[in-house]
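According to Swiss-Prot, the features are:
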- 8, 11, 91, 141, 144: CTP binding site (BINDING)
- 8, 11, 91, 141, 144: ATP binding site (BINDING)
- 21, 23: Mg(2+) binding site (BINDING)
- 230-331: domain 'HD' (DOMAIN)
């Protein structure tokens, strides 16, 4: 029985990156051998075991044979006769197909039959063998790695293979859970735009996210968007979200906030009046199709509907500001308002020449919320009771008190209006 470190741990160590998790492959063993040594079986589709002390995963060396379309169409074979090279051959990229002895200290301890170390040096993402085409999830993984390793390029032959897979319909069989899983991971990488560049280049974006694909080539008003192209703007917004270290909820909201611009009638371009409502409808379809988690779905919906109003909040009076806060549910969920405003800031700064501009709307709306929170609702309700009021009338009094508090704040501070964003959104 021989044990080797494989995959991302070897790759990241060779790149000088932090190694958080270790993956191990075991050659020459049976499941009974592993159990006899105290390993805990946990694999559902193939033999994977947890180390009795470290709890790290150890997988028996295996081969995979395509038996149908999509992610699940595989027959897995494990036996003590499966070699390390055979196990590595089923992996997606050469940089992930390097093995090392458990106590490796240098290059002499590496087993690299497919040139992964060479591709690490050359900064190339290259498929291991033609069996890459058997799993369409690998298209998404290559795109995600492009977003992580921002100085790597996709090998031309790998890009061509991915295009062939899309043309042959393999991407049509991606299951929603895996699409979302890879999309979420890609959004959290240092340069998310590169994921979408790769997916567009191979044609997969039109399959998995046609609502996003159609944004390229859609013009916006240049006085608000010097970059003009909506797809280009979207990528700038995503990279700004990464730059500001936004959480996944915010990054997904950034991805989907302008979907409605892809359905703007051609005869009104480059204006996009009402795109916020259209974006929300398209967002709902995306979330249902990909089974997006509720926290991402809810934040993205608010951002899609309200980002234009938040951009223009400098033009809003007290009553309109309070209504905006209420629509954002900011009074009950002030922490979520921070994420809404962060997404809007990414939108505003994700424009050509605006990356270093301030976003005073954030401070203005937070100050308006503070004024609203200064209203003691129990005191207002008690006063309403003294007046013999109940039910909806109490709510109206609370709302009026909040509007007055914001009006007093606006008057006391003589708040200047932020730079207008117009209707560009």
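Cβ coordinates come from backbone N, Cα and C, glycine included.
Given the structure is predicted, the values throughout are model-derived calculations rather than measurements.
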If I restrict to non-local contacts, at least six residues apart, and a C-beta distance under 8 angstroms, what lies near residue 23 (Mg(2+) binding site) in its own chain?
5, 6, 7, 8, 9, 56, 57, 59
Once the chains shown are all counted, how many other Cβ atoms turn up within 10 Å of the Cβ of residue 144 (CTP binding site)?
24
Under a criterion of Cβ-Cβ distance under 8 Å and sequence separation of at least 6, what residues of the same chain contact residue 91 (CTP binding site)?
7, 97, 128
Around the ATP site recorded as 8, 11, 91, 141, 144, what other same-chain residues have a C-beta within 8 angstroms of the site's C-beta center?
7, 92, 93, 95, 96, 145
For the binding-site residues 11, 141, which one has its C-beta crowded by the most other C-beta atoms within 10 angstroms?
11
Once near-sequence residues are set aside, which residues in the chain of residue 21 (Mg(2+) binding site), 6 or more away, have Cβ atoms under 8 Å from its Cβ?
8, 9, 56
Reduced DSSP assignment, residue 23 (Mg(2+) binding site):
strand
Largest pairwise Cα distance, Å, within the listed ATP binders 8, 11, 91, 141, 144?
16
